[in-house]
Every structure is written in C-alpha cells, then in structure tokens.
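Note sheet for the following structure.
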Amino acid sequence: SGVMETRRDQALIGVQNYLEKAAESLKASAPIKFRISSRTDTGVHALCNAAHLDIQRGPGKPPFSEEQLLSSLNKHLRPEPIRILSAHRVPSTFHARFSALSRTYIYRLLLGCAHHSQVPVFERDLCWAPAGGPLNVPAMQEAAQFMLGTHDFSTFRSLHSEAEFTSPVRTIFQLDIQPSTGFLAHHYEHRALEFWEVKIRGRSFLYRQVRRMVGALVAVGMGRLAPHHVKELLEVKDALAFPPNIMAPPSGLFLKSVEY
C-alpha cells in the first residue's frame, strides 16, 4: 500500500504505519517516527529501503542494542511482508532521505506471454508482462542513452500536489537493460519465457519518474516510439506531453538499494 503513512480512516495502510505500530512495543518515552529514505508507491516493492528514527528511553534505562531493536520490531511485524534487516547507530546529523548518495531501482519485465493468464503464478504482481511479442532491446538501449546524465525530467514525472515545489532536474548515473532470471524459471524453461531487468541508479527521482522512463523504453521496444522520440520528450519538458497509457505498472518495480 505504499511506504508513506496513511490516515487512520483510510482502507490501505502504509509501511510507515506498520513500522510505527511495531515501535510502540519498545515503550519509548516519546512516540517514535520513522523517516524513510524512498517513498515508494502502492504496488511497488522494496528489496531494501532505509529509515532513521530517534528513540528516547526513560531515566536510567540503557540504550537499545541493534539486536534488541531487530528482534522486537520484527516480532511485531511478523504478519506483514515487512522485515528489519539491520540496524546501526548513526550521528544526529544523519537523515535517511537527504543523506542518501544514490538509489538503485530494478524493473522486471517478462516477455513471451500473449495474455496475463500466462504469467507464472510465482511471478504474479512481481513483474510486467507487456503483450505484443518480443521487444527490440537494442532500440531500447539506444533510447536509454538519452536519459543518462543530468536533465530536466518534467515530461517524465506525474503531476501531484508537491510537483510545483520540486525541481524537475535529476541525474541518472546508470541505466542498463539486461537479461535476467525468473523465480523458479528453470522449472518452466519449456515455455520460452524471457526475463529482462531495467536497472536505474540516480541520486533521487521525481514522482513516478522511473515508471514513466521504463514505460517509454518499452514503447520503444514495441515500435510505438522511436529512440529519438525519448530525446524529444526530454526536450519538451512538459508532463502533459507524455504519451497516454504507456507508463509502466507498479508491479514490476523494486527499490533495490539506497547508497550512503
């Protein structure tokens, strides 16, 4: 349901809500707030995200150890697909979001399915299987070169309430399109399925920027756009110029890591 905290009256609950509910078990002297590095949308996955929190204990109580934090929080998160992988003490100047040097996303594509019912059940909601036959990967790789470096990505962001206050200039350090493997893929090799990964690393990203970038690259692979059209979309700097119905769905997107 997305990372960010949602209101109590909303049906979908954010990852932050679950974390802060679990943190109540620590019985700190003040409510614990999680500041999360990367605010992934509903339906997007994270192999690894990062957050920071301040814990105030009562007088005379020793600080929690990393092991105590992990075991206590994970005990209360157990019913949910959320786990704390590690904990580290950091200086008070550290901020999980603003101290990050880069973030790496992976987008998983599955080729060879004429219909969504042909997606293996173990891959359901974990990849995008665009219909329409094979993709022209060399054309996608050519288009990807236009996105590398520092650009005004106005065309590649979805408009929302914060958009007008956020600079559209972002830097893409890496954009690779490579063959990949599926979960348990060796058990259905006879089905002629192909897995590909789009790997994108940048300092930070605009709202839905990665999904728009991947959607444009897949449109190039399908022949709906030519590689030079991606360059033209960058140059026009207008979110409304983005072609309709080509944004990649959230299911194939994974936050892979946050680098500090």
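Just so you know, glycine gets a Cβ as well, placed from its N, Cα and C.
For D41 (active site, nucleophile), the same-chain residues 6+ apart in sequence whose C-beta sits under 8 angstroms from its C-beta are G2, R208, P250. The active site, nucleophile annotation in TrEMBL covers D41.
Y105 (substrate binding site) is surrounded by 25 other CB atoms, counting those within 10 A of its CB over all protein chains shown. Positions annotated as substrate binding site by TrEMBL: Y105.
Taken from TrEMBL, the feature domain 'Pseudouridine synthase I TruA alpha/beta' applies to 143-260.
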